[in-house]
Structures are given as structure tokens and as C-alpha cells.
């Protein structure tokens, strides 16, 4: 019978036995999970059952107690929920508060907006588009960087790939972005990407380090970029990381652009010690380091060039262009030192003894040779490059006697002036500049008539030491090279103004079949304007139109150099307006400079009036120019009597004071502003160079 009663408990549409077991389980638990209907349903199952059970007295007592317990649970739970859901019943809990914060609906709405903005930043919208791979993002970023869209590439990587798709980036994703930052010198962002790369436990490749050194070389802040590059180099040396030749060239580029030639030679020695082959590109970076020395850079560049030729390395067109840049920007240095180093043969200069105190160190150097280059050659070249005038008597014997005097030549006369040495040539038969052909570009022995250098002060003089226009182009032809438009533009800058060589440049263009551009003609226009030949500069404009070249703002700026008269300057501004070209601050600055040279204050006021009419913002350069124009001469005495100059400068000072208050100011843009997604002010701009994260 007990089994029959037990089966009845678990039979029927609502088994009572299961309800009892559920109730017993829930009583033993600490939390009711059945909701509000649970206690009522349990009580109905036990107490509202229509089928009486023939149980014993003990069982009936237990059932009645269960019904009473369930009724208590059903009455207590709704009361607790009512207390929790009721409003205004919490005053008893907070009756002891003494301080209350004032709040309004507007403040609450602002708090909700701020919380909503933070949630949007912390939790970006889920990506609902097509799922892409890391390599797809690599090629997309590479394409955008080639198109000059670095900001779009960074946004694609940081927002879409990392935040929206939440992909784990690879090493190539970081390397391509660091390389893009290297092209524009965005140093801070490049090292941020590099540090984030290390945080993700990604191993940088050789291309990554090459891109990092390249971004240091292209940074606008050279000092901080050099410190970052040296710190990275120290970390690589501490890890005994072997750099390849491309990475060494990037490091050599940093040393050439941000440091000096000594650091370049230090990196050059390390390249040889690591067993890398020295190429023409290596020597090109050494030439860039020579150009940084404006005083003796041309002499050092010629020494590096001759060393490269002695090793049998064929030069490139880029190397010839660097020589022209050295002739344009750098000097020869001490003429006596230059004569001793450049007018002697390569065999004599390569064996110069080391300075005092370095004899023992020179003996311990291993003669490690890589493709014809040894440390001994590099150290000898270093001693020649930094030879001081006080060391010139400690070298090999003096110049051969045949170079000073000739048996068939009469006695020569020498004159010495401070700072330079004149050429030692016979007075009776002194050759002219065109008759004496000199070219330091070759390793052959020069003519015995060339004894020493004379005055080498202008770029045209330095070009003459390389054979002149035709001699320079002839050397390029010997190496199988043809000049490009950059070569001819540099030649236009270094040839003598107004000479036959300058007038023959247009024929050289046609002879070598080089297509001219606006930069080439701007160079010719600027040179004629500096000579005061404004009409000659304007005569080049029809040639531009004949070749289908459209003048740009720099063309008008070069024309403004020669506008020394007020009517020329005002006519130039009128012609620009007719051509629908708006004059910018650079054109006005050039006109102000031309007026300052003539001290024409009427001309200055006319320029300022036109500048105010066009609402051109003023920059710092123009303000410095006008402040200088508003100053009285140091020897000027206003109390000696009436002076027309005083009246003019006083009138200009009065107008300039009112003009400056009404003019808008030009804000200098940040070099990295166009590549940042956020404004520059929102970021820390004090650390301009970024840096490396230790570890």
C-alpha cells in the first residue's frame, strides 16, 4: 500500500510529490528563484488539492505545516517587493544626513550625455561589414600611403581594424605604417606604433628598424631625432642584433642629416667591420654628410668622391647631383689644405701619417678588407677629411718641385692675402680661366701649370674646379649617365650669372632631350631678378608659354625680387589679379624686402594697403621686416634740423601702428597636424620627438 500511495503522489496533471520535493529543495536553499507565482502554486498544490489522500496522522500534520509555511512565504515575498518598489519610504535611512548636493535637470542631462559619450568611446559599435584579414589591411594601408594619405591609413588601422573588427595586427601592419610616417618625418607617431608593437609581443623585422631610422632622418627636429636614433642603436647593440646593409644606410642617413661627418664615418667603419659590401649608395650618404659642413663641405665632398672612384665604384646621377649641391652650398675651406689634398695624387694622400698620439692605435687596427675597402683606408680618409692647417707640415713632403716652378718657366711672383692663396702662375704667360682646364672629378694628374688654388668664393668658381658646365656634363657622359631636369636645375643655380654658360642651358635641354619644368625656369628668373634684370626675367615668360608650362606662385615671387620701383611692384600685383592668382604672404614679403633696400617708405605703405585690401594674414617674417623698417638709423639725429627722411619714417610709423592692429595674424601650422586625427592641442605637443619605451 505504501508503494501505491507514493505512486499517487507522482501521478495526475500536477504531481504533488514533485511539488513537495521542489518545496523541500527550495526551503533548504537561500534564495527563491521561482518568481511571484511560485509560493502560490506550491500552496495550491498542497492545500487546494481536490483528491484526498489516505495518509496517516503524522503525514497530515506534515502536510498542514507545509501549507502554513507556503502561505507565510506567499505573504512575505509580495510585502518585501512592495517595500522595494515603493517610493518615498527611504527617508528613515537617510534621516541622519546633514549635507545635500544641489542638482538640476540640466546637470543630470549633462551627466547622462557624458556617460553616453564615454560608453561610445569605450565600447565602439560592432563591425557589421565584411570581415577582412590582416593582409587586406596591409595592402590597403600601403595603397593609401603611396597616394599620400597617411592620415586615412592610420585611421583605417586604428579605428576600423583594431576597434571595430578587433583584429590582432601583424608585424607587417605596423611596419608599413612606420614606413609611411618615415616619409613625412612623423617621428612621434612612428615610435608610438613601435612601442605598441612591442606591447603586443610582435618581433620587429629589419624593415621595421630601417623605417624607424628613416623617420629619424626625415624629422623636422634634428636634435631630438638624433637622440632617438642613438638610443635605438644602443638597444640593438645591447641585443647584439645584426643589421643588414639597408638598415645601415638608414642609420647613415640619420648621421648625415642630423649629425656630422664624424658620426657618418663611425657608421661607415661599422659597416665594414660587419662585412657588408660598400656600394655607391653608401658614398652618397657620405656626400650628404659633407654638405652639412658649410665651410669646408665642398673640399670634403671632392675627397669622398675621389676615394669612391679609386675603389672602382661607378658613380650615379644622384651622386653628381650631390656634388652640385655641395658646390652651391659649401665652401672650399683653407686653400692651402685643399691644394695639398686635392692637387696631389691619390697614392700620396692615402698614406698620410696619423696625428700624434695615435701611432700605436693605428698599428692595432686589423686590416679587414671588404670588396677593396679596409679600415686602413677609412682611417686614412678620416685623417684627410679633418686635416687641420696646423698639421699641414707633418704630412708627406711638400709638393713636387715641378709643380712650383718649371725649368722652362721664368721666375714666378707670389702674393698672399689673409684667408686665401692665389695661384702660382708665371706673370708673363698667365693662362685665362677658359684656357686652363681643371677637373677634380677624375683621378688623373692635373696639369703641372696648376700649383695651388686661388680665390674660390662663389658657386661658379667651385663649378670651374669640376670642369665647368661642359666639363661636368662630359664626365657624366664618360660614366654613361645623362642629366635629368634636377641636374640641369642645379647647374642653373651654380653657373655664373649672365655668362654664356647660363644662356646655353636652354640649348643643353634640347640637346639631351630633357623636358623642362616650372622649377627650372623659376631658377633662371630668380637669378636674373637678383641681378636687377627684371626685363630679362620677364622675357622668359613667353618661353614658358611656348613649352606649355603654367607659372606658379613661386614664379611671381621670383619676379618680385627685381621689383625695386613702386610701379613695377604695383604692376606685378595688378597682373596677378588679372591672371586670377591671389598674392600670398611670400610675395608681399619679397616686395617689402625690395622696398626696404631702397628705403622707399611710400612704396612700403602702398604694399601694406594692398595687403590689407586682400586680407592676407601677417606672419612673423613680415613683422620682423616692418619692425626693422620702423626703426630710426643708429646715427640719425632728429634735433639737427628738418629732414625729409624723418617725415617719411614718421609717417610710415604712424600708418604701420594702425595697420598692424587691423591685420589678422597667420598661425604657423604644426608639421604633423595634417596626419593627426585629433587636433594638435588635444595631444601632448611638448614631446616633439616621441621616444622609445624601455624594455
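Every residue gets a Cβ built from N, Cα and C, even glycine.
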Given the ranges 648-671, 672-695, which one is assigned the annotation region 'Disordered' in Swiss-Prot?
672-695
Same chain only, please: residues at least 6 beyond the ends of the repeat 'PPR 5' (470-485) with a C-beta under 8 Å from a C-beta of the stretch. Say none if there are none.
314-317, 320, 324, 437, 439, 441-442, 463, 491, 501, 508, 512, 514-517, 519-520
Residues of the same chain, at least six outside the repeat 'PPR 3' (205-243), with any C-beta under 8 angstroms of its C-beta?
171, 174-175, 178-179, 181-187, 190-191, 194, 197, 250-251, 253-254, 256-259, 274, 671, 688-692
Please list, for the repeat 'PPR 4' (244-278), how many residues fall into helix, strand and coil according to DSSP.
27 helix, 0 strand, 8 coil
Treating G and I as helix alongside H, and B as strand alongside E, what does DSSP give for the repeat 'PPR 9' (584-618) in helix, strand and coil?
27 helix, 1 strand, 7 coil
